[in-house]
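Read the structure below first, then the notes.
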Amino acid sequence: QICNQHNAEASNLEKVFHRMAQTEASLDHDVSWFLLPSYWAKMVVALVSFLCFANSYDGDFVFDDSEAIINNKDLRAETPLGDLWHHDFWGSKLSSNTSHKSYRPLTVLTFRINYLFAGGFYPIGFHVINIILHCTISVLMVDVFSILLGGLQFSNKGRRLNLAPKTSLLAALLFAVHPVHTECVAGIVGRADLLCALFFLLSFLGYCKAFRENKEGHNFSIFWVLVSVILGAVAMLCKEQGITILGLNAVFDALVINKLNILDLIQKLLHKDKSLENIGLLRKGLLFRITLLMSGGASILYIRWRIMGTGPPAFTEVDNPASFADSLFVRAINYNYYYSLNAWLLLCPWWLCFDWSMGCIPLIKSVSDWRIIALAALWFCLIGLICQALCSEDSHKRRILTLGLGFLIIPFLPASNLFFRVGFVIAERVIYLPSIGYCILFTYGFSLLSKQAKKKKILAVAVLGILLINVTRCALRSSQWRSEEQLFRSALSVCPLNAKVHYNVGKNLADKGNQSAAIKYYREAVRLNPKYVHAMNNLGNILKERNELHEAEELLSLAVQIQPDFAAAWMNLGIVQNSLRRFEEAEQSYWTAIKHRKKYPDCYYNLGRLYADLNRHIDALNAWRNATVLKPEHSLAWNNMIILLDNTGNLAQAEAVGREALGLIPNDHSLMFSLANVLGKSQKYKESEALFLKAIKANPNAASYHGNLAVLYHRWGNLDLAKKHYEVSLKLDPMAPGTKENYNLLRRKLEQLQKKGG
């Protein structure tokens with residue numbers, strides 16, 4: 001009898017992996033929604049997800065794209081591929097103390113492929129790939145939601161069945177059109193989240209394949225479990241959140257495959273109930289698979305830690321002010337408030353912002369702050385859902401709620417500040433994966449309402465309205481991400497207290513030449529955050545260019561006082577002091593900048609200009625030479641060396657430097673012009689003429705180019721050509737110094753020649 005009972009249990013166990021209870025298919029029963037074949041459902045989801053973000057395809061590189069793509073040397077062909085595995089997402093060495101430790105080599109690799117195929121930094125290709133990735137992920141969500149909402153069942157031929165076609169379509173559509181995803185899709189840097197999500201889902205689907213009966217009749221496939229672990233590792237190499245899929249696979253295994261009742265299991269463990277032996281056979285398979293998942297996850301995390309080289313990244317208080325609060329109470333309250341805001345973005349994604357730091361969300365410092373209500377609301381909802389997930393007598397309800405909460409919470413854990421400090425307050429991109437859990441809970445709630453509602457079609461129309469509103473919001477938000485001006489200005493109404501928003505609006509205006517408007521926004525950024533050294537530095541730069549030197553000096557002095565290692569501010573302070581003719585202080589500021597940033601070619605260039613003003617010619621030449629060693633394409637430094645050597649009569653050395661510079665920067669017309677002047681003085685007229693003509697071809701509207709070529713022809717005796725280029729030069733710049741006098745001399749000479757000829 002014991003033997004027969006054991007065989008019956010083993011037989012039932014085999015069926016567990018291939019059959020779900022028929023009652024669980026009832027989720028679709030009362031839902032008034034579209035019922036489409038799987039192929040058409042996926043086509044609809046792909047089309048809708050494409051329509052949401054299609055208008056971002058021709059957007060610019062915006063916000064973080066500059067640092068992660070344009071300024072990232074890891075994208076260039078000359079950088080060895082091996083360097084990608086030792087650098088962070090932004091191209092810095094992982095071993096550096098300034099590295100953010102964001103290790104995403106596979107994402108950077110896709111950027112590099114984009115760059116190579118496009119032949120440069122053309123954003124269209126980058127945007128198109130992001131849109132395609134989101135469409136692909138949304139299509140995969142149809143299969144994922146069919147498993148999470150309907151369970152896992154295979155046909156006799158081993159084909160997975162969709163037991164919830166209507167609700168899985170609705171959940172996939174909700175995911176596809178969620179406006180909070182705009183940052184990931186329309187912002188190119190969001191590629192990390194998209195690739196992570198792609199392999200995250202593939203890992204989950206691979207894990208599900210492990211329970212399809214194979215030819216040998218085994219209950220699960222170790223191969224697919226290992227494939228799932230590998231895909232989880234790939235997801236983590238795209239973005240850190242990817243590792244969380246291994247935990248979710250374990251939760252899915254326990255709830256769906258083994259149908260464990262978590263509350264019942266906890267109670268039996270606490271009471272040491274002998275009935276635990278009845279599920280021993282189930283737990284053997286489960287424990288083995290969880291051991292594989294945990295071992296794989298631990299190995300991946302260990303390797304990741306070793307590669308990182310040092311401890312966690314160092315962030316500043318403005319990045320995440322709550323994490324720097326002295327009081328544990330203040331930290332806990334604010335972390336929970338951030339969680340409630342993330343939840344609100346999922347529920348009502350109308351107020352979206354590219355950056356939520358720098359005073360955007362003031363700290364809660366007292367329980368009398370009315371925002372405490374948001375925390376209470378969040379935990380009231382979460383506790384209610386958790387109680388239902390654990391205590392409900394309906395196994396189907398327990399499973400869906402637990403999976404929904406699992407997919408909502410577990411992928412969010414790396415961004416929660418619980419395990420380590422993160423470098424942001426809120427980041428919409430990190431909600432991309434947790435939104436899967438939100439879509440499960442929303443869809444399940446809709447199915448429960450449909451079951452109770454008498455007019456199901458009205459409820460369906462309401463949900464359809466939500467989808468259409470989200471599509472519209474996605475299209476609007478995508479258009480804002482097309483340019484930095486629109487993106488930054490859109491944040492002014494959402495986060496008016498965010499100093500970084502005002503700073504970025506000001507920087508965008510300054511780049512376009514609107515200095516007066518830029519000053520206004522920079523001043524507001526400094527007012528909102530009196531320690532915002534980057535805003536002080538940029539404002540000081542503009543004031544310097546407007547010759548408001550004393551205020552510029554005050555701002556830059558304050559910036560270096562607040563942040564003594566701010567090299568750029570030290571250099572700009574030196575430029576201002578040089579303009580105020582306080583040369584010793586300027587020299588000291590330049591050397592302080594170089595002390596804090598060893599490889600600083602622009603600072604060496606400005607130091608050379610200071611030495612030139614002081615007639616310290618050798619020091620000037622050495623400083624400019626340092627600039628060109630650090631940055632061989634530093635045209636201004638090369639030019640100044642040529643001009644200084646020319647002016648001091650060192651024509652041979654000036655010619656050598658000019659030829660060296662043109663060898664490195666062959667298409668620089670200013671270098672051609674400078675070298676042509678030197679060659680003309682050395683009476684190498686033919687070569688000088690060729691360089692002048694080449695420079696004029698590259699920059700035909702430079703009056704000085706025509707004027708100096710005219711001087712060359714004048715010396716050379718080609719008087720007609722000299723007359724022609726003098727006239728062109730005067731037409732371009734009637735006030736050109738010396739040109740009019742030379743032209744008058746030439747005209748008198750031509751008149752004398754005509755008289756002699758007559």
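Using the three backbone atoms N, Cα and C, a Cβ is placed for every residue, glycine included.
Looking at the stretches 126-145, 246-265, 286-305, 326-345, the one that TrEMBL records under the feature transmembrane segment is 286-305. Per TrEMBL, the range carrying the annotation transmembrane segment out of 106-125, 166-185, 486-505, 626-645 is 106-125. Per-residue pLDDT, averaged along the repeat 'TPR' (499-532), amounts to 94 for this model. Helix first, then strand, then coil: DSSP counts for the repeat 'TPR' (533-566) stand at 27 helix, 0 strand, 7 coil. Between the transmembrane segment (286-305) and the transmembrane segment (220-237), three or more CB pairs separated by 6 or more residues in sequence fall under 8 Å, so the two stretches touch. Between the transmembrane segment (430-449) and the listed ranges 106-125, 188-208, 220-237, 403-424, the one holding the most Cβ pairs under 8 Å is 403-424. Here the transmembrane segment (106-125) has long-range neighbours at 57-61, 65, 68-70, 72, 74-77, 81, 84, 87, 89, 91, 188, 191-192, 195, 234, 237-239, meaning same-chain residues at least 6 beyond its ends whose C-beta is under 8 angstroms from one of its own.
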